[in-house]
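What follows is a short report on a single structure.
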Amino acid sequence: MSDRSRRKKEERILDNWRRVVSSVIAQPSRKSDFPDSVPASLGQASNINTILQVANEVQHEAPNVSRILCEYAYSLSQSLDPNSGGRGVLQFKTGLMSVIKQKIAKKDGIFDRRQDIATVGKFYNDFREKHHLEEVQADANGHSQKSQDVRLRTRTYTVLRVLKDCVYYLAQEYSIDPDTILSPKLKKAMESDAKNSEDFQPYNILPLEAPGVSEVALEFPEVKSARMALHVPALHFSDESRAPPRQKRDIFDALEYAFGFQHDNVRNQREHLVLLLANHQSQLDYEPSEQVVHGDAVQTLCEKILGNYENWCYYIRKEPVHSRRDSSEGKVAFMALYLLIWGEAANVRFLPEALCYIFHNMAHEFTSMLESKLIEQSVSCKSENGQSFLDQIITPFYVALKMEAAKSNGGKSGHSKWRNYDDFNEFFWSYSCFKELGWPLNHKSPFFGEVKGSVRHRVGKVSFVEHRTFFHLYHSFVRTWLLLVLMFQALTIIAFTEGYRLQRLKILLSTGLTYFVMKLIESVLDVILMFGAYSSSRINAVNGILAHFVFYGACCGGFIFLYLKMMLEGNGSNTFFRIYILALGVYVAVQLVIRFFLHIPSFRKQAGKAANNRCIEVFKWLYQENHFVGRGLVESPKDFLRYSLFWVVVLGCKFTFSYFLQIKPLVPATQAITSFQEEITYTWHDFVSKNNHNVMAVFFLWAPVVVIYLLDISVWYTVLSAIWGGLLGARDRLGEIRSPEMLRGRFESFPVGFVNNLVYDDSNIGRSETGEVSKGDSARIFAPFWNEIISCLREEDYISNRERDLLRMPSNAVGLSLVQWPLFLLVSKVFLAMDLAMEKKESSEEIWEKLSKDQYMASAVREVFESVCLLLSDLLEGEGKKWFQGVFTDIERSIKDKSFFALFQINNIQDVVKKITALTGLLVKGNSMDGVPSAVQGLYESVYNFLSDQSRNEHRKFSAEELKVIFSKVRLPKDDKESIKRLHSLLTIKESAATVPKNLEARRRLEFFTNSLFMKMPDCPPVAAMKSFSVYTPYYEEIVMYSGKELCEDNEDGISTLFYLQKIFPDEWKNFLEKIGLIEATFDTQFKSGALADENLLKLRLWASYRGQTLARTVRGMMYYRRAIVLQSLLEARGKGRWSEQECNERAKAYADLKFTYVITCQKFGQQKVEEKGKAKAQDILYLMKENEALRIAYIDQVESDGVKGGKEFYSKLVKNDGGALKDQLIFSIKLPGNPILGEGKPENQNHAVIFTRGEALQTIDMNQDNYFEEALKMRNLLQEFEGNYGLRSPTILGVREHVFTGSVSSLAWFMSNQETSFVTLGQRVLARPLKVRMHYGHPDVFDRLFHLTRGGFSKASKVINISEDIYAGFNSTLRQGNVTHHEYIQVGKGRDVGLNQIAMFEAKVSSGNGEQSLSRDVYRLGQLLDFFRMLSFYTTSVGYYVCTMLTVLVVYVFLYGKAYLALSGVGQSLQDMALLTNNQALQSALNTQFLLQIGVFTAVPMVMGFILEQGVLKAIVSFITMQLQLASVFFTFSLGTRTHYFGRTILHGGAKYRSTGRGFVVTHVKFAENYRLYSRSHFVKALEIAMLLIVYLAYGYETTTISYILLSFSSWFLAISWLFAPYIFNPSGFEWQKTVDDFDDWMGWLLYRGGVGVKTDDSWEAWWEDEQGHIRHNRGRILETILSLRFFFFQYGVIYQLKVLNNNTSLAVYGISWLILVGIILIFKVFAYRSKSSVVLRLIQGLLFIAIIGSLVASIAVTSLTLGDVFAALLALVPTGWGILCIGIAWKGRIKALGLWSSFRAIARFYDAAMGMVIFLPVAFLSWFPFVSTFQTRLLFNQAFSRGLEISLILAGNRPNAQS
């Protein structure tokens, strides 16, 4: 059959089906009376829902049939849940029964079920006959139909299937023989229709199980060969009756039969493997075959899927099963088996080696079946219900995981108390797992939990125990601390021992002792921190720990002995000196030799091959931990030298600075202080220092310097990495185009750059002999892509229609001899050229040279000339055409001959242009010829006048009669309106387009995209050969789209979301109104009155949603990938010229489906569809699916299980849009062993849906991200990076640059945006090159999907320990010999938090997560197994960053407590008198470093370098100064406190949790009480403590001048004030008087409300206070909290001795008396706080007591030496003591409650919080009195918006009437 006849037949079939379905469903639109949705708790909810849909559709045509179907649905629901116990079932049944009763009321007579069967049967038959179904089936027989036809036929067969099922259900229910009612012909028709309906079942990408559907992709040879690779017709089944037909049988059917895999799992993985094979086949260098997959494609894919399994077998010394069958068929079979195991493994997917164990044993079973060619049912998967892989293999693992997760108590139990995912997985790192579990699985094994009656206990922690202790920081990074301690010791010895050469050398050798002592400490920690895992760990690992302990214990003892002997021997004998040197030298030499050989590739390769050699094993056992992960973490010599050089420079700078500016200046002061004995006078009762060389004074002198010494490695890293990163960025050509002027100036080079980088290089591109593409060809190729970019900008409302027209580029396909550039480069150029020519100050040659200097001016002139020539040639014919052609020829010749002014009268040029403009204006308006001849005639006259006398001799002048004849024959140009319109624009637009586009975001995107065209990136393959990939977005309950109500609803400040968006994005709002064709006033009227058209309301919702951090924005951005692939494929197909336009379009869409998949894992979508509060979000998600055909939604569905009350079954489901309607269609439903959310919710949500992703790569995208079409064009280049050379290993994670799009909202958002941008660009750039320690820090990264899905997934999910789930993907990838790179020629948008509270919550989340990371095995192994310099890089940029942050704050404490000690003890004054503390260089250096760290200067260094690189030096300076003026230092200081508090508290107590930051953007005022609740313990308490120390130092210090006090205390005061008042400085309207008054009322109400059971923390101080103590749960934490709280007693001890009433009495009794006074004060407080019913008596007693206290104080002051200052000093001393007692009491809450003192503690705590609140509130209230303060604050907070001309005052004031007045 010819193609033409075939197409005609297909069209006829399609028409028939459309006619059938249209007649069925084309009923009048009316509201349904049926229940909205079927409860998911009904096991067959989808079937019942389908029945009701059919009933609704036929009720108009056949109401009786509709009634029968409703009864059928009710009967089904009754049989599924007779007691209506399921969720929502009773309501559903009630609603359905009411519908049935209504239908019964309309029917007369008695019901007869036989009659009902006959009625349905008759309707079935009538339906078929009426719509000629026989004819349709005959036409369609043997022809698969295209996807657009599938929806029509599927719906028809659905109606028929429901009718048939109803007939047979009624017959069975009422024991009626259907044969007695239905005719044989009808029964046969039913059977035929049922069989046909099977050909149209839903599918995902490829209709592999739907033979009735024909997708274009199925015709691709690579897909055909992939399908053929699965066929195994030679296999036989032990029970052929249960097997599929032989002709359709494939390897998946065999595996399903053998092991009982779920059918939908089989369908899912069948498509998965076919797509993988097809895509690997397409990437080969030769044309794919249609019959067989090439062996190279199978081998490559097999290595990727089974690579981890092979490594595992090698590690535990097992032979891989698939190595015995080397054929392609065998490899395909084993890949299919692995994918089926993985696809049904649920939570066990987090245990990659457990999957290897399962696969290994099942592969053994399946191998024997393949060898016998007889597929039998496996013994290992047999269950009571038949074959079930899920029940027999996965469920036991799941139950064990669930039991352990329950022991975690929601993360509150210690990590050492329960097994996490890593513990389960690492059990399989030992050969003993085969003995323990066996095969079939021994379900009674202790591995699966404690078994009743079993002697053996459960398996405990394995290999590692996450004990909560700060010692992990030392344990994991012991080499870092060794370096710092040993160098500090060496530098200190050198500074103290100048001039004593031999003695100095001997003392320097003590560093060897220090080394072995520190290694012994490490070994002791090895022993201690393994408690809880000894019984479950490998014996070799345990022996290794003990061997290390014994070895370093012996070394420690031996070297101490030798060292003491060496130091004691006389000057003449050096025997022990030599022995000590020799022993130390041998140890050092062995270590250096080992490390040297490890970095020689050939040695390392041989060692890897001989890993099972006993000598190598012993060496690894002694030298390092030999786990399955973490082996071979070395880099190439080239990379090693790079990052080694970097760290040599960093360490060189650090130690030089430390020696000369920190250590050496302290030596003289230390020597002097230790030499003083009687010279120093102590003013208190001293215990330690007085007769011990003033040891405490020396300690506090050195302590700040030591702390700074430990942390400034981070400072030097930051500075040098910023310089290095800047140089790398400049080399990568970042920032070359950073302004609209640069964009315009280099536009001509963009097409060539685009073609060289982003277009597949094939024979269709014309290249010169040198390989360069011509400008014309490159412009022709570039134009459609550029225009699509501009169209996207217009769709997104970043540009207006006018800007779109100016930015678009002509196709350059035919016509002119020059390249036509976009109008924004050319407009106004013609007029400038005319002005230049008419001046006549120079010759025509000089003028043309001037024109040529501006290439776009010359191009504009040339284009106008050629366009007019072409236009007149099209319009005219005969004499008129010849005359104009002659003139044009003369013009061209005169320019060449330089005689233009001689042949033409330049003064008349303007008249000529006017006439041309008049002509083009007429042609642009319409197709009419009216006025065109006259316009041409006028043009002729102007041109004739333009000729000089000399030229007129050559061109005759026509008479009036001749003109009428010649120019009456004018013809309209054919299909050339765009060219005429462009010419008209060139001649009419006089204003410059220098500001196009006006929108800053549009400019930024175009600048970045065009800049990236000149950056280095891999060559792109054709679309057919590109790597396939998926995008993956987790979603919970965030905003999908803003509703109309949410947009117009005002907040408490009278600001609606829409109002805010209109003011913050005014240009985009104007463009939106232009797009929908409304003006502002009309829109406001329609919107407020509810008269806005539904279409425009939807567009408004989308416009607003695309400016927030919503799922809709993310989906739009990610779907640009598909749009880009379609365009790229379409243009490639057109270039080949082998297919029609329709076929090209179909192929392009098919390739987009093969190469790209987008899955959103909407965890609660199933619940949202049925729950009232979630329906709106579900509907919005359905709308997104409807608009994006490639979008897939995966979700967890809960179904109540049969026969189990309260029991639930869980399914992982994938749905797509159902044929363009606003509903979903189920594709796959895979049963889970239970609720998959056992650990952290987000990674568990990702894990359940990862089986539905496709491709070789996967991009993880969060739902606050965005993407851009122009960036999507570069995706296939990025995917080629997986083949790039980046050292020893291919990349496994591709890092992608991020752009933070929320930076323009406020100053805080700008700070956060700059900080984040610096981190994700320059920071990641340096981590990848040269440091080789980039991990996975953000969601835009692209993963090697097959590498990670076989190695545990894309995150970790254990409760709490993996709270920062994403970063563990990077850790895991690195430990498993992956490679993480970073690429900056492509970017993805990302939203960030914009308010201080949001930012603080984000910082808290990240800091807590980092605290948990420091306890994890991943960080420990990386710290231990990376080479020394990579370890330094990893430490400094991960855990070390937070350690240094904590030390920065610790410096302040150490310094101030030291100063307070010196002041209160009297030591400071004594030393000051001897001038030992004046101008101490080391102390000043320490304080300066701390202050610069505190205010974020060093954090800002990379930021400034990024500014310089991408904005220029001047803009960088301005931006940095602007940030400082906007109090960026206050913000960074405040953030420092947030990070310190949550990092330290997490390690100390735990309590890390997911903190919802919210992603809104409306600027709202935060109440005082809310800020107090949030920051009280993290900032306010600490700030007040620092303030107390500063006050003590001010009152009792020894500084002689105010200047010296200010210099020493400025940074500390800055810190305290920032921590106290930053939440109010950065709080919108924080200093508005009325809001301040309202805040005070709210705060007092919260403080005094006593609360009760169930009261929220936002409502009651008591509830909040109880909640704040929740993190203290264990005795270890209580003890540490008690120890830390003891510092508060220092104040009392020191200040009491300073009271004048004591007359310098230093007796210890004085301190004891002060405690008695404190007890008295507490008792007095209790008396005043007591409440009684007899209030009169109580008040009398309280009044008398108050008078007595005041009288006593007055008398004491008058009679004794007690002063008023002493009274205040005593109160100052006792306040911290009270707080210390309170903290200790809270830590031991249980004991205090047992003593009955808890209510007293609570009353005191309330008093303290009230006092602290007033200290903070009073300054805020005072400043609120002055209106200018509020105005200044607004300018401060929103300077970014002010600079864009936005009306922030309107935003803050909202629409309130008082604001308008």
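Heads up, the Cβ atoms here are built off N, Cα and C, so glycines get one too.
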- The annotated transmembrane segment range in TrEMBL, which must be one of 516-534, 820-838, 1580-1598: 516-534
- the transmembrane segment (1515-1536) and the transmembrane segment (1807-1828): do they have three or more Cβ pairs under 8 Å, with pairs 6 or more apart in sequence? no
- Please spell out the DSSP helix, strand and coil residue counts for the domain '1,3-beta-glucan synthase component FKS1-like' (329-442). 81 helix, 6 strand, 27 coil
- Task: Could you tell me what the rest of the chain brings near the transmembrane segment (1604-1626), counting residues at least six beyond its ends with Cβ under 8 Å?
- Result: 1307-1308, 1396-1397, 1449, 1452, 1455-1456, 1459, 1487, 1490-1491, 1494-1495, 1527, 1529-1531, 1533-1534, 1537, 1566, 1568, 1571, 1574-1575, 1579-1580, 1582-1584, 1586-1587, 1589-1590, 1593-1594, 1597, 1815-1816, 1819-1820, 1833, 1836-1837
- Item | Beyond the flanks of the transmembrane segment (516-534) by at least 6 residues, Cβ under 8 Å | 416, 460-465, 467, 469, 471-472, 474-475, 478, 481-482, 485, 542, 545-546, 548-549, 551-553, 555-556, 559
- Note on the structure: For the transmembrane segment (546-564), the distant same-chain contacts (Cβ-Cβ under 8 Å, at least six residues beyond its ends) come to 509-510, 512-513, 516-517, 519-520, 522-524, 526-527, 576, 579-580, 583-584, 587, 621-622
- Query: If you average the pLDDT over the domain '1,3-beta-glucan synthase component FKS1-like' (329-442), what number do you get?
  - Reply: 91
- Message: Which sequence-distant residues neighbour the transmembrane segment (1439-1456)? Criterion: at least 6 residues beyond either end, Cβ under 8 Å.
- Response: 473, 476-477, 480, 700, 703-704, 707-708, 710-711, 713-714, 1407, 1410-1411, 1413-1414, 1419, 1486-1487, 1490, 1493-1494, 1536-1537, 1539-1540, 1543-1544, 1582, 1586, 1589-1590, 1593, 1611-1612, 1615
- Spatial neighbours of the transmembrane segment (1740-1761) not adjacent in sequence (6+ beyond its ends, CB under 8 Å) are 1700-1701, 1703, 1724, 1727-1728, 1767
